[in-house]
Amino acid sequence: MSELRGKVQTVLGQIEPDQLGRTMTHEHLTMSFECSHVPPAPGDEGLSLAPIEMKHLHWLQQNPYSHHENLLLNQELEAVKEELLCYRKAGGGTIVENTTTGINRNLPALKQLAKETGVHVIAGAGYYVDVTHSEETRKMTVEKLTDVIVSEVLHGADGTDIRCGVIGEIGTSWPITESEKKVLQATAHAQTRLGCPVIIHPGRDNRAPVEVIRILQEAGGDISKTVMSHLDRSIYDHGELLEFARMGSYLEYDLFGTEVLNYQFNCNVDMPSDSQRVQSLKFLIQEGYEDRILIAHDIHTKHRLTKYGGHGFSHILKNIVPKMLSRGITQNQVDKILIENPKRWLTFK
């Protein structure tokens, strides 16, 4: 679209790409995640309903999706505002807010946070995973889904005039459901019409990212403008990682700060540490992919906020960047990952 070409679209309007600054490409500022509640282990039912307290923090960190209140990030606007002010003070410029239809997107709240903190906030269009799809969504044709997504970018979403600046995170499960496949096809069609950035939440299986890209390609999507999220919990084998990287998407490591013994959504996954994530970044850089790497924290629960003893939105800037530099990643490469790559991805074609 000529009106958006060469621009970035935030909840406060269009800006020039050079205004973005350091960017976290996968975060949530207000959402609810009740759709993904995991029943607590026998004997832990009381903990799952108890207030968030320091004495329960370790249990909460290991079982974040079994605590009802923890899934309600939308209750913490004031805490998130404080976090964003700290993020800006630490050198942050932009947050890509990945909350889509199905997990309580709140565009007026995002606009308010952007106004009050000075942080650029970019909202996401589209739909999350199948379990959050309404009957109305399931009945929509690919053409209708495309029209909805395009309208959320061009005119505003959820009955507001606040416009989304990316499509996503578009949610997929494993195996990908028919409803999710339609949304992926609609995403590709909308991207073709708009020239806009897309970001994907793959199912929790190492085959999922490749399958998503295949569906998008067959539907005419622009893979060079597409981000594959959550690679830190999806692809571990270096050979498989390079095979996927050759497909041309952005490669996002977005769970920095999340270090758990057992990953509740897939016990077969050994969640990497932040040090291991940094080593993965270094490997990809050495293999020639420094122009395709993005990083973030994917904060989507209360316990990840500093208010509750979590790492917060400034963790990468304060802690991970020094670690990257100490492990031989150059300042120029860090700037590519935090500034240049997000800028290229977020700019409409």
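Heads up, the Cβ atoms here are built off N, Cα and C, so glycines get one too.
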Which of H133, H155, H230 belongs with E169, H201 in the divalent metal cation 2 site listed by Swiss-Prot: H230
From D298, D335, the one annotated by Swiss-Prot with H26, H28, E169 for divalent metal cation 1: D298
Entries of H28, E169, D298 which, being binding-site residues, have CA atoms within 10 angstroms of H201 (divalent metal cation 2 binding site): E169
Listed binding-site residues (H28, H201, H230), ranked by Cβ neighbours within 10 Å, top entry: H28
Binding-site residues: E169, D298 - member with fewest neighbouring CB atoms within 10 Å: D298
